[in-house]
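Asker: Handing you a structure now.
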């Protein structure tokens, strides 16, 4: 019967943290799944587990230190070899009372010892269910079926027009697995946005869940619209007469053409704001359409226009000087 302090390599006065640290180190290095070529690894690991089981329990440890129980946890009076949590050779028995060769790790809280996401914590949980470690394959031990495997995600890039992305739309796509889906494009979608369609990817195996379909939106460039946050900007050419005298002009919007008024004395760069004609938002509000005017002269220049301009007086102020450029 091996002394638990000797098995873990700690002093009799070791703290619980020191005992736990020693157990973690030995368990990692001596686990049978890590030492598949060592026929004695399983017995060594059971000795380590049994020693930790005793020393991690303050009451058992105190009784052992007082000589009331042996390393197997048995009372000294009436002790019979081969009973208790250890066999005759001191091999650890699991919570079920078996010799541990078909599991026998049920009594430990592996998550608190190794951490819930620790590789060895998962390894021990699988061992306690008779499924073997990560290297044991998908079939596991006798009586355990194949592990469910989640299906792969399906990737798809969907090209949409500027208006479809801005206002929202529904597009039909066919994935590589030949599955046809109707994809709803939410209003206000931007280029590069990814939509996850749950369970629309490849089918799982062994009862596993299906993967997802990941649809990335690609927005085509527009001939004259461009996005600025929740607003839409459009450059509209106007004549010299329209900006000098003012008047009505027709401009495009996301939903069609509308008529707007150009104020008298407008200039290149003047912006007309059409409220609520921009990008829809999830809260029900919308951005604006910003119409930026740009003066366009006829080509070639009308001789009458030249004559008219020559008759104009020289400007009293230099616009470049007024802008602080000279």
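Just so you know, glycine gets a Cβ as well, placed from its N, Cα and C.
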Asker: Quick check on the annotations: TrEMBL lists region 'Disordered' for one of 157-182, 183-208, 209-234. Which range is it?
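Answerer: TrEMBL lists region 'Disordered' for residues 183-208.
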Asker: Which of these ranges is annotated region 'Disordered' in TrEMBL: 79-102, 103-126, 127-150, 247-270?
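Answerer: Result: 127-150 is the stretch TrEMBL calls region 'Disordered'.
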Asker: List the helix, strand and coil residue totals of the region 'Disordered' (183-208) as derived from DSSP.
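Answerer: The counts are 0 helix, 8 strand, 18 coil.
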Asker: Across the domain 'J' (3-68), what are the DSSP residue counts per state (helix, strand, coil)?
Answerer: 43 helix, 0 strand, 23 coil
